[in-house]
Amino acid sequence: MYASREDIGYDFGDDSKVGSKPIKPNPNIDGGWAWMIVLSSFLVHILIMGSQMALGILNMEWLEEFNQSRGLTAWVSSLSMGITLIVGPFIGLFISMCGCRTTTIIGGILNALGWILSAYASNVHYLFLTFGVTAGIGSGMVYLPAVVMVGQYFQKRRALAQGLSTTGTGFGAFLMTALLKYLCTEFGWRNAMFIQGAISLNLCVCGALMRPLSPKDFREKYVVRRDSEENRAKALSHSTETIKSNRVLGEEPEKKEEAVNEEVLGSVQHVEIGGKSGSGRSMYGLRLFKTVSQLTVTVRKGFALWYSSYFGAASLFTNRVFMAFIIWALFAYSSFVIPFIHLPEIVKQYNLSRQNNVFPLTSIIAIVHIFGKVILGIISDLPCISTWNVFLMANFTLVTCILTLPLMQTYVGLAVVCALIGFSSGYFSLMPVVTEDLVGTKHLANAYGIIICANGISALFGPPFAGWIYDITQKYDFSFYIAGLLYMVGIIFLLIQPCIQKKQPREKSTEKAQV
């Protein structure tokens, strides 16, 4: 997230007029109700991301129930995880038209409906639609506003607020793993999904807590931003993947189009007032026409903002380093997701279920992941340390762990590797900073949105690919080896492109000197 006017999508006209008026700061910005927004976002991370990280428990139940291949069954989990991230840019359209509160409540209902309908699944293909698509879209509609609202309510303490809210992912993975395992053991996986669907209805409560800021509050926040412009870089935090949506939350439409729309709606009101003596059917028709006209204006406005925000940055794709970053994102996230989906079954094959029941390996990844994000963020903030170098070192550590994990066949060995995976994957908190360094603040929102979509594609295809490799080789070893090698290819792209860009200016300067 970055502290600029673009990230809230409001235009307040003359900046000088705004800055010249002494405005009393809103107590709800950086305090007051803002902390309720952090609590709401924290709970969303627990219920959405935490539940997705615990899907390995249900994946084992689906394998036993439906007797399908591991590659086909893994599509259920990967669809839910991938769609949650991929639909981010499209959910921005809903946010621009309906607001974060309404979008979250609708998404909470949709997510709960996906869980409940999945309890009646008769085959894996049924789960594709109910859990993969329905619950996945609902998760995306909840997850994006949760991060957006934290960005709106915080200015000076934004990094702290985003850090606190995103730690819900680690806590959620730990809690949901234990909860789903208990529910499946006591009530069976179908009743467990039904109960989880009822729990997911609490997402609607989280949405109700997302009280929108008025334009006046945004103006007060903007005045504070002008006074603290030098702190922009420090305001960056682990906002998943959702920075891109902040630019589509309410810009004014073009003046000409707005005037035409107001004229149409005004004429409808005039006819409605003048026709009170007419029949009730005519009045109902006028009111319906007025409602449709207003809805059309809102949709056109939202679509225009959405389109300009996500398809108006073609220059990004001329940046070779950014293109290498996209290639890296296409391979990286799957290496983090695959262990969560397939580790429970690997433990079962190694006859380590007794030790794993005491302290699940996926819970180790989740807990250490929390500390990894915090510690790597602190290290990268040191003046003598390069964020880019910390980012690369964390990636090298993670890919090394992925490649060595199949070699560990004891619980202690697997636990150590999982702890390193959790710590090194804390580089997620550095992704906004690295993205800004590559493309600049102006293109940060769009660029980070593209990276998150690439991560979603990686999560979509990673687990099924690992399951497909197992179906062929009857081992998970090659799944981790291939995923690790592809991840290494992405890291190599990150290393090569900066060297090429540094070399090109030198060659051009040499040519000029010769001329």
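Keep in mind that glycine also has a Cβ here, set from the backbone N, Cα and C atoms.
The feature transmembrane segment is assigned by TrEMBL to 33-55, 75-95, 102-120, 126-148, 160-180, 192-210, 321-341, 361-379, 386-405, 411-434, 446-466, 478-496. The domain 'Major facilitator superfamily (MFS) profile' annotation in TrEMBL covers 37-502.
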Chain residues outside the transmembrane segment (192-210) and at least six past its termini with a C-beta under 8 angstroms from it: 36-37, 39-41, 43-44, 47-48, 51, 58, 100-105, 107-109, 111-116, 118-119, 131, 142, 145-146, 149, 179-180, 183-184
Beyond the flanks of the transmembrane segment (478-496) by at least 6 residues, Cβ under 8 Å: 321, 324-325, 327-332, 334-335, 338, 342, 392, 395-396, 398-399, 402-403, 405-406, 462, 465-467, 469-470
Ranked first among 75-95, 126-148, 321-341, 386-405 for CB pairs under 8 angstroms with the transmembrane segment (102-120): 126-148
Most Cβ pairs under 8 Å with the transmembrane segment (386-405), selected from 75-95, 160-180, 361-379, 411-434: 411-434
CB contact flag for the transmembrane segment (361-379) and the transmembrane segment (160-180), at least three pairs under 8 A: yes
Taken over the domain 'Major facilitator superfamily (MFS) profile' (37-502), the model's mean pLDDT: 78
